[in-house]
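Per TrEMBL, the feature transmembrane segment maps to B:81-99, B:119-141, B:177-196, B:216-233, B:245-263, B:283-305.
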Amino acid sequence: MTTAQLDKMRLELRRGVLVLAVLASLKQPHYGYSLRKQLQDGGIDIDEGTLYPLIRRLADQELLDSEWRQAEGRERRYYQLSELGTSLLGQLTDEWQHLNTSLASLLATKTQETP
Amino acid sequence: MELVKRYIAAVQRELPQAKQQEIGRELKANIMDQIDALTEQKGQLNEDDISTLLVNMGHPRQVAWQFVPPQPLIQTSSMPLYKNTLFMVLGILFLLQTVETTTAWLSSFDMGLIGFLHGLASGFIESACFGFTAITLAFVFTGSTRLDEQASRCNNWQPKDLPKAEPGWQYIDMSDIFTDLATYLFLLLVIWYPLWFIAESQAASSSLLSDNARLILQWASPVIVLGLVNSLWQLRVRIWSKALLIANILLNLTAMLIVLYLANSSPLLGVTPEQWQGVFSHAQVEHSAMVSLFIIALFPAWEVLRDSLRLRKL
């Protein structure tokens, strides 16, 4: 497998998980850069070109509330989970844990079977 | 900061007007945060540092597209139908233009080959532009309705409704159906030329076919309409069934008989020998038309034979 193929598959694998990571991080209010920093600190590296449009999309879907605030002499748009977003995050978390358990079991089986 | 302003303005230019201010404001806030973070790390930033930061953000157009993804004018799912419709209509328009220009050429003494080609090209381009625009607009305006229909069809289905996994010949190719549709529409338009063609061109158009030939073709119009209905039926089911094969055999048999009857009737063409002076004699043209009609009759004859053999396999 070429590096390009691997990169493409990694990107596909991460795409769905990023939504979950962003929603989970926005239990507390964050502005764009601070959210990115929090995700990076948590081990999820995401570039600005992906993160900022993603937050806006989630806000358009009413999963996030947002407001402009003045801080450190500059305005920033803060995002936080909405009621709908909180409910969805709960469901997605259950789904993720279920998937993770199933996948862990599958991956373990595969490892044992490999000579 | 001049570079940042330029960058944000470049992104805004690629966005819909309603979103320019909001996204520009937010993008600026995000970039300023990144600059602050970078300044903390490296100290005072120069123009090259800011330039590198902006390059890492991505090209303004890409950034704008990530915020507001571009919407295709024609939905991807509608593209096969759109392409076939476009080819069909443009094909008909080209044939009609060929008939019209040829008629004008043959009826005129002062129109040379260059004039003929110019007339053909300019006339076709004019009508093709109109046809292309009309079809595209129709697809744009009916796009959402068609998407709803497709979604509804995809949600309400049962495996038993699917056709049997039959041999390959049983599946009707969409391009074949559109070729038939185009042929029938073209024939109808040519036959009923006087009804829709502008008055001043009528004299010229009437000279292509004789009154007798036109009358026969007009009487054959119901068969052509049935052909259209048959093609639309094929478009709906997309698989040859016994009923569809029988309908096709009967239709092609009738078409073949009409063409043969037409080939045996005389005169076929409405042109007078004077108009053809120096080109061909009237008898030569009539004979050529008759032979052409016999050759044309072979096509429905072939389809009758093909469908009869297929019918035996079902």
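Using the three backbone atoms N, Cα and C, a Cβ is placed for every residue, glycine included.
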With pairs fewer than 6 apart in sequence excluded, do the transmembrane segment (B:81-99) and the transmembrane segment (B:119-141) have three or more C-beta pairs that lie under 8 Å?
yes
Based on Cβ pairs under 8 Å, which of the stretches B:81-99, B:177-196, B:216-233, B:245-263 lies most in contact with the transmembrane segment (B:283-305)?
B:245-263
Long-range Cβ neighbours of the transmembrane segment (B:216-233) (under 8 Å; 6 or more residues past either end):
177, 180-181, 184-185, 187-188, 190-192, 209, 244, 247-248, 251, 254-255, 258, 261-262, 265
Which residues of the chain, 6 or more past the ends of the transmembrane segment (B:81-99), have a CB below 8 A from one of its CBs?
74, 120, 123-124, 127-128, 131-132, 135-136, 139, 174-175, 178-179, 181-182, 185-186, 189-190, 205, 208
